[in-house]
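A.B. asks: Before I ask anything, let me first share the structure, which is written out below as structure tokens.
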């Protein structure tokens, strides 16, 4: 089980054009800050429901708005309830509030920090803006430099939209240049209707927002970056999507929930203790309990698991079904013969067709006990052939 905690709910100090939390303000009427009793109950139950290694993820909105004193209490309660278990903390942030005091705290308590950044300035500032409409690039870069000066481990999260999707190498080389060793690319899709479950909808009952990334462009973007990575950066740069497929091909299963067979065990706890089945499905019908009233260990993603397992006939017949599993239920909005398939289907096929030969080559390397970074030599040979 993994639970993402949202101590400040949907609240944020930025107003990014594409943020799906902008619609949440009218939905939530509960207290927007996690109080002490809810925090304590969550930490106690989550540690009890976890194995010997417990991974906490703090997200938003913008979690740093909860304040440093809140996170000092996080450490206090974790230490109280950890017993012999080892605790890990990850913080996903826009970086705006990361001053010296924050960075010293994050270093002292060994937080892994995820920084949201969408590429070089002209690409990042296209959608990631302040409440006053100004670009945020300079402040984010300053935060990254401050993290580096305090030797805080960080990674990057990049939202692929209709603009930066056309600049894969510029984005990739930029992220490398700022010192990102671990990268995650999120494909952006938002509709005019809150994206819940389109399986029962008729065609054309929704519109795709302009900033969403076109499927084939996304596939080409990721394929271009994959080829750069597989020829030059394996073992040095870690890209979440690619690492997930390496894990899958080596027989260990996907590490990315999008392509897993089930949606179970990726829950969200809201600031008032409400538990939802997924970060992308924080809607009333997907609420499964409250940490202050129910036992966390008894909760699971029943509805999403059912949606995930409703694999359309088109997917069942696809050669990539074993490694794709129909993609994320959030993305299943494209009608095919009265069924809904992933909006990103054609893009995924472009990426899979690029990756699979190299993944198979990695499997052969592993069988022969050859370090996987040797795929870079193999990849160059394959390209020359």
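Placed from the backbone N, Cα and C atoms, the Cβ positions cover glycine too.
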A.B. asks: According to Swiss-Prot, 257, 263, 328 bind [4Fe-4S] cluster 2; which one of 103, 278, 345 is annotated to that same site?
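C.D. replies: As annotated by Swiss-Prot, 257, 263, 328 share the [4Fe-4S] cluster 2 site with 278, chosen from 103, 278, 345.
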A.B. asks: Pick from 128, 129: which one does Swiss-Prot list with 18, 61, 116, 189 for the same S-adenosyl-L-methionine site?
C.D. replies: 128
A.B. asks: Of 12, 318, 324, 345, which is closest to residue 257 ([4Fe-4S] cluster 2 binding site) if I measure between C-alpha atoms? They're all binding-site residues.
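C.D. replies: Checked the binding-site residues 12, 318, 324, 345; minimum Cα distance to residue 257 ([4Fe-4S] cluster 2 binding site) goes to 324.
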A.B. asks: Which ones, of the binding-site residues 116, 128, 324, have a Cα no more than 10 Å from the Cα of residue 16 ([4Fe-4S] cluster 1 binding site)?
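C.D. replies: Within 10 Å Cα-Cα: 128.
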A.B. asks: Across the whole of the domain 'Radical SAM core' (1-231), what does the mean pLDDT come to? Round it, please.
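C.D. replies: When the pLDDT values over the domain 'Radical SAM core' (1-231) are averaged, the result is 92.
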A.B. asks: Using all protein chains in view, find how many other C-beta atoms are within 10 Å of the C-beta of residue 279 (active site, proton acceptor).
C.D. replies: 17
